[in-house]
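Undergrad: The structure is given below, and queries will be raised subsequently.
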């Protein structure tokens, strides 16, 4: 589903590469943690997958798209098949929970009757069926992140990218989010989650890919956060 | 489709003061452009009106004027034959002293100048209608000073002042229209940037979930186009008001009646109005497009 072949990324503002000759493979339906300290290249990797940036060298594949070579006008199609969740939720403060989720479908031109049926379904799935008309300011952090996940998942993406989705949440709420992501993973969606959350990684026992200074430092199936840290 | 319109309206409401400034500036600019177009139209019509009437007048000298009621004297007959043979000339008419005096009495009926003028002060004339009114000077050059000719007058030169006045009006309005248009373009560009900035979170999410340029950028373009079209409609309304409350009185008043043809409602609504709407929409769209290209990440 995701394949990186000798991918390097050098930013003009820095002498050291943000990603340095990284090769990795993620199968369809896998759940992968992407760990490493700040500046190790996690965000760069996610940006390359989303075609926010193009690799300096190497090839990035998502599904059957050569992402780095994708024509600009094809980029929206790629992104429609990928979901994205962030540490800071990125909800629109002037729209309700349901409107926030519907927004992701409206702007890619989904018909209204589809939106009307799909949005309540996905809100039920993230256990927010009763809060469809709340404003984001009325939600707890965990609830806000559930809305963000609902928005990312509502179009049934092939891949869900999560960038520190539990970074702003207390451990108990974080576990709830993790459970939700695993539930989404069980529907067949490939999940790639960048995180610093040792407890989450250790208890999930999923594949762990560690980046260090832009290089691939470790790739363990059923791994833990750090061996001797 | 519904979505982009809704977003555009939200954007226009959000920056209401900027939107108003933008609409007013656009309206003034387009209004001036419209006034210029009307001036051009009026000038063309006035020229048509005058060129069908004006002629080159070959005034005959005193002996001929006094003794020749029907251009039968050799002097007059020869001049007439030569003029009629000229390829530049469409037709030649003879107006005797008596006929000239009768016409003079008709034109100035009831005015005091009538008491001062005797038939003797008016010459008999050959009225020469030109095929091309602009080449009257050639006749003037050729016939001035000929035996039996008192003087030759090209009437076009007497109306030239009027045309140059109308021409200046037109140039001044076009000049102002260009300056105003520049202000309108800058305002539109500025407002779109502001609008894009206040909506950067939304646009960011849209890009992320795979919205095409149509969805991310068209709302901004619609904002610009709505501004242009509303401005054009206001400008047209302004021109109608100007016509009804000012020009109609002026052009039908004693001073200018029958001098400058009146401006019809169809000129404003049927010709200038649609032109302004198209120009407004095109300029606004182009400005919006260039602004999005230059300043806003797609």
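Every residue, even glycine, has its Cβ placed from backbone N, Cα and C.
Annotations for this protein, taken from TrEMBL, read as follows:
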- B:68-152: domain 'FtsX extracellular' (DOMAIN)
- B:176-283: domain 'ABC3 transporter permease C-terminal' (DOMAIN)
- B:20-40: transmembrane segment (TRANSMEM)
- B:172-197: transmembrane segment (TRANSMEM)
- B:218-246: transmembrane segment (TRANSMEM)
- B:271-292: transmembrane segment (TRANSMEM)
Undergrad: Between the transmembrane segment (B:172-197) and the stretches B:20-40, B:218-246, B:271-292, work out which stretch tops the count of Cβ pairs under 8 Å.
TA: B:20-40
Undergrad: Quick test of the contact rule: Cβ under 8 Å, at least six residues beyond the ends. What residues does that give for the transmembrane segment (B:271-292)?
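TA: Contacts with the transmembrane segment (B:271-292): 26, 30, 33-34, 37-38, 41, 181, 184-185, 188-189, 192-193, 196, 217, 220-221, 223-225, 227-229, 231-233, 235-236, 239, 298.
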Undergrad: How does the domain 'ABC3 transporter permease C-terminal' (B:176-283) divide up by DSSP, counting helix, then strand, then coil residues?
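TA: Reading the DSSP string over the domain 'ABC3 transporter permease C-terminal' (B:176-283) gives 91 helix, 0 strand, 17 coil.
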Undergrad: Counting by DSSP, what is the helix, strand and coil composition of the domain 'FtsX extracellular' (B:68-152)?
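TA: Secondary-structure breakdown of the domain 'FtsX extracellular' (B:68-152): 41 helix, 17 strand, 27 coil.
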